[in-house]
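Okay, structure first, notes after.
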């Protein structure tokens, strides 16, 4: 009977030790998983407890039994420590895993173990031990000292705290993780209940500690949790730490307040956005105005140089009671800037559409106007009748400026009215719109001013062409204002302009005969002049080809609509003879020459009938040619294109006219076709 009872005790304790030792090995193989290492420690000390208690039951001598008791206390002292560390890591309570916290928690177990091994000196753990054999096993009846009860209380506190953490995790994780955690609660709760019963005297044999016997059930529960529910693969710490990690690493600033609106948490992004204003304990309304209300629309607020959309949400416990508020600061600077830019562009498009409508009306006025006064009055009236401008006029002074009157809250824009190098005054408009004149509108008004300049030039040209009388003006221009005069200043050369072709940007292509000097010498000298863009000799001729910019006298005269009658330079002076309409065009041209060329003298002025070019017969040969076709024919002729062999190729002439060779060929072939048609029809008719 005694042997059978002993065998039962040894078998139960050995089974418990084998199961917990095996679980320690399993946990070690998974030591990289959350809570695996504290679990290994828990299983190791539980194994020591079971084996030492079994050894004590088989040892009848006092000295041997005390040794087994001392070994057993390794498990008794450290099981609660590893238990609470396991639950802290398993459930994600990082505070309990800090080195300082772990050191504090280890003080009582370490001190207890030291007192156990030195108990014979102070008897703080037990004061007396009496060995009694009962049912084949040796039971130690002990009188416990004061530290035993301190350690027992500490053990129950840690065990209860660990179970609380676990039950809290079960509650938070709900059905997803509840089964494995419930098995853990059973595996830990059984030894706790049995130990409490043993302390209170509820055991089958007086003095028998039943705690290590149920470690076998603990092993079975843990085995089911590990292999049935992936204990280490899906710990509740994933939820807790995952939420915390999400808050820490989310790009938005997060601030959490308690029910009193005091800050209790803020993530690193909030520190970057708000600085030390989010210090724990500060009220949310100290740095946020207005404060968004949970459930209401987000609040858009400017913080530093950024724009944030701030939302708030109530934080509630499982019972639905509000425990705080979370504020999320989402940076919407880029979005708001895009929306503002889109709104600005839409406004600009609406305004530009209105301005274009105004410009179309102005264009109709310009087309129908036949005098300078009609052009200026028509433009001003069209602009005044719109809601955009409070006043508009064409003034004599040529300026470009923008003025703001803060008192009257008005803005005034003045832009020059010009055509090429000819300035006819300025277009001045006034508005009372907030913001004055945006840049796109300024650009359109500048284009309008150029269009007005073209219209005024066209009026002058039309008056010159249709007038019964014209004014012939003779200007003497010195070397400072004329590159042709400058070349002849120190030599015997005489330069006579034979033809001119207007180019874009107010430049002029001119063909000039050279008399009394080598053309190459003249070309070299002219090529160094700043107002001469290019100079070259027409092959096999004493003619040179010049590209003159818009500041030369020839270009200025042509830009003002004057007809060039003659231009000859010799002895350091150029005599330029032009025809222009009477009236303001004479004054405008003279002023422009003085302003640009400087060294200009009006040598002659006479009114007469326009010079009509000699006609081969009443029906003009080139009546069917367009102006550009006539210019192409003239340029080709002066450049020696029709000579054999050719002095210049089509590419040379096209380059001189600053047009594409294909365009030159088109103009020339169409002109040749018209001329040949005229010739054949004339021959057949004769």
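Glycine too: its Cβ is placed from the backbone N, Cα and C atoms.
Listed features, source TrEMBL:
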type	residues	note
TRANSMEM	6-27	transmembrane segment
DOMAIN	13-236	domain 'Histidine kinase N-terminal 7TM region'
TRANSMEM	39-58	transmembrane segment
TRANSMEM	70-88	transmembrane segment
TRANSMEM	100-118	transmembrane segment
TRANSMEM	147-170	transmembrane segment
TRANSMEM	182-201	transmembrane segment
DOMAIN	246-293	domain 'PAS'
DOMAIN	468-610	domain 'Bacterioopsin transcriptional activator GAF and HTH associated'
REGION	604-629	region 'Disordered'
DOMAIN	625-677	domain 'HTH bat-type'
Best-contacting stretch, by C-beta pairs under 8 Å, relative to the transmembrane segment (6-27) and drawn from 39-58, 100-118, 182-201: 39-58
The domain 'HTH bat-type' (625-677), counted residue by residue under DSSP: helix, strand, coil: 37 helix, 0 strand, 16 coil
The domain 'Bacterioopsin transcriptional activator GAF and HTH associated' (468-610): DSSP-derived helix, strand, coil residue counts: 37 helix, 62 strand, 44 coil
